[in-house]
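Written below as structure tokens is the structure these notes are about.
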Amino acid sequence: MKAGDKTGAQAEIDRLRVEIEQHNYRYYVEDAPSVSDAEYDALMRKLQELESAHPELVTPESPTQRVGATPLAAFGAVTHAVPMLSLGNAFDEEEVRAFDKRVTDTLRSSGQLGPASQPDYFCELKLDGLAISLRYENGKLVQAATRGDGQTGEDVTANIRTIRSIPLQLKPGAPRVLEVRGEVLMNRREFERLNAAQAERGEKVFVNPRNAAAGSLRQLDPRITAQRPLRFFAYGWGEVHGLANRQTGLFDEPAPGVRQAATLPRESHSAMLDWLAELGLPINTQHNRKATGADGLLAFYARVAKLRPTLAYDIDGVVYKVDSLPAQKVLGFVARAPRFALAHKYPAEEATTALLDIEVQVGRTGAITPVARLQPVFVGGVTVTNATLHNEDEIRRKDVRIGDTVIVRRAGDVIPEVVGPVLEKRPADAAPFDMKKKYPVCPVCGSAIERPEGEAIARCTGGLFCAAQRKQTLLHAAGRKALDIEGLGEKLVDQLVERDRVKSLADIYGLTVEELAGYDRMGTKSAENVVRAIDKARTPTLGRLLFALGIRHVGETTARDVARHFGDMDAIMDAGEEQLLEVPDVGPAVAASIHRFFAEPHNRDIVEALKRQGVHPVAEAAARSGGLSGKTFVLTGTLPTLTREEATSHILAAGGKVSGSVSKKTAYVVAGADAGSKLANAQKLGVPVLDEDGLKQLLGME
Ligand code: IVH
């Protein structure tokens, strides 16, 4: 191409713009980039060079023009041509059934639905961000506005243009006017990263991803917004004018004042979303689903509830929409919400409450964990009174103080945690928390607390002298994955340790029905059961016994591998680090930890005492012949009947291994519903993929 060759430059510029926007889509929408950052940057640079040589060819839709250089003085007001409504809420099954009944009755009596048919719905995630309306004219993004009061919002066009997943130019076939409605949000992980960076710079931290997204969009300087990791999903539309004739690519102009329903190209909400996707807009296709009747809605709700803790972003519910647009029209609106749609909410994952005190818990390995004592609060579906504060550094980083009002988070089955203080509500006399001052020594045993340089965790140095460590050690040993002693739970262990009846694991095996029957909350019957369970635990597998000893860094899988390799306890006790390193998957930290453990005379004494009590581990079950020995499995998605834990334990029992990531060495990927990138990787690497039935067959479970 010759310099100054305008048509050549125009063609090259057009080509680069399309290519760059395709990469934006792959990166920001599909999460599957197909070029490296360097290649992407090179394309951008080339476009910038061409545009500075031909400034007359610069258009507002060029990817180089996403970030404006001049801050605004204030946001203008935008009146929505079609109001932005809200949704009616449901909090339980009954309300969902009532909604479905109202819809069904109305549609049947209007003839939209046969007397025996059930309505078809489209189900979506209720994204916890902020609603935005994007206005495209002749395919170009001309305006973006917040919801505001539903009638009038703020003009945030300059900021919205910085969001890479939002097309500045729609694909061919766009109508003359198209208002796209959707949600702007921030991924949780990126929110946390943003907050950490904000805190480091001494700037404002945000309480949750929604506030971070809203705060980022309310920046008067779009250069700041451009640095915030915002995303967008479209879920609806407002004004639509003059739909394109999709065969000819020409616009068929409607008569002035005629709009939408009559001229919509598709007859259903889901088909409309497909069309928006074809125009280049990001739609949450991975999770959206069709469903029929109330049972279909409730099944969607239950499935998404399981998925919720694994999503990259926060949702506060799901949304059900009657799919047929003519049916939506019949149903109409009530007050400011449609009768054809419903938000079904999940229990909030975050709530605020008073932080009454900070105490510490001593774990099995002596780790000191600060725990927040809270004014009871209902969050994540349960009443929470305690929440973890992780460690001393976390308390300092979050600057959480006794007396603060704090945000508590409980997502899925995860332990509740304190997210941070609500600074506006801080009492004037709240002092920074000083862990060393409040807990100079272990509050359980009075031993010194040590915190090695460079480590986040402070530890009680009391070892098994510390009652807290002893209790946790015993509970660990009695656990299901270790010696599996049913009935030896917290209440009993507390009493055994407090009466000093049990000093080490071996003492458990000397317990009698007579003495246990006299303990609190124990009768003869339960005492007999516990003693029987203890008896059964005299012949654990070697791997379980090794795991029960609670050696640092030795999980159940490592314990099993080591047991298989050495075959008996004496060999393990006498193994040097080098020999331990011969076990597949055992690295230096694990080898050193096992070696150090058995170098301690009192640990060897425990093993000897166990022998004297008649504890004789049996050899680890060899992998079945022709079985799964050494084969690595990767699980992804939700299986129809097996939980992830169940599938894992079946595979382990058959001699296989389970790993979290797919590589060429993976033998099988077991994929269920909503399998993600692991499935894609398996396909790329040619790793065989099984469904649940396939797995069961392989395991001989069928
Ligand atoms: S539809 C006519 N779909 O929820 C109703 N809203 O409570 C238009 N939201 O302001 C909304 N995800 O900010 C719809 N898949 C989804 C949604 C969704 C999140 C938000 C939206 C709206 C609010 C209504």
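Using N, Cα and C of the backbone, Cβ positions are placed for all residues, glycine too.
These features come from TrEMBL:
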type: ACT_SITE; residues: Lys126; note: active site, N6-AMP-lysine intermediate
type: BINDING; residues: Asp37, Ala38, Glu39, Tyr40, Asp41, Ser86, Leu87, Glu124, Arg147, Glu183, Lys321, Lys345; note: NAD(+) binding site
type: BINDING; residues: Cys442, Cys445, Cys466; note: Zn(2+) binding site
type: DOMAIN; residues: 623-702; note: domain 'BRCT'
For the domain 'BRCT' (623-702), the mean pLDDT of the predicted model: 83
Among Asp37, Ala38, Glu39, Tyr40, Asp41, Ser86, Leu87, Glu124, Arg147, Glu183, Lys321, Lys345, the record's NAD(+) binders - longest CA distance, Å: 44
Cα proximity to Asp41 (NAD(+) binding site), best match among binding-site residues Cys442, Cys445, Cys466: Cys442
Distance from Lys126 (active site, N6-AMP-lysine intermediate) back to Asp37 (NAD(+) binding site), taken between C-alpha atoms, in Å: 32
Per-state residue totals over the domain 'BRCT' (623-702) - DSSP helix, strand, coil: 26 helix, 16 strand, 38 coil
Contacting recorded positions for ligand 1, chosen from Glu39, Leu87, Lys126, Cys442 when the Cβ sits under 6 angstroms of any of its atoms: Leu87, Lys126
Inter-residue C-alpha distance, Leu87 (NAD(+) binding site) and Cys466 (Zn(2+) binding site) (nearest angstrom): 56
Lys126 (active site, N6-AMP-lysine intermediate) CB neighbourhood, other CB atoms within 10 A: 20
Pairwise CA distance, Cys442 (Zn(2+) binding site) versus Lys126 (active site, N6-AMP-lysine intermediate), rounded so that it is a whole Å: 46
Distance [Cα-Cα, Å, rounded] between Cys466 (Zn(2+) binding site) and the residue listed as 'active site, N6-AMP-lysine intermediate': 48
Pairwise CA distance, Glu39 (NAD(+) binding site) versus Cys445 (Zn(2+) binding site), rounded so that it is a whole Å: 60
Binding-site residues: Leu87, Cys442 - member with fewest neighbouring CB atoms within 10 Å: Leu87
Chain-internal residues near Lys321 (NAD(+) binding site), provided their CB is under 8 angstroms and they sit 6+ positions away: Tyr121, Phe122, Cys123, Glu124, His269, Gln328, Phe340, Ala341
All-chain count of other Cβ atoms within 10 Å of Asp37 (NAD(+) binding site): 9
Residues near Cys445 (Zn(2+) binding site) in space but at least six apart in sequence (CB under 8 A): Cys460, Gly462, Phe465, Cys466, Ala467, Ala468
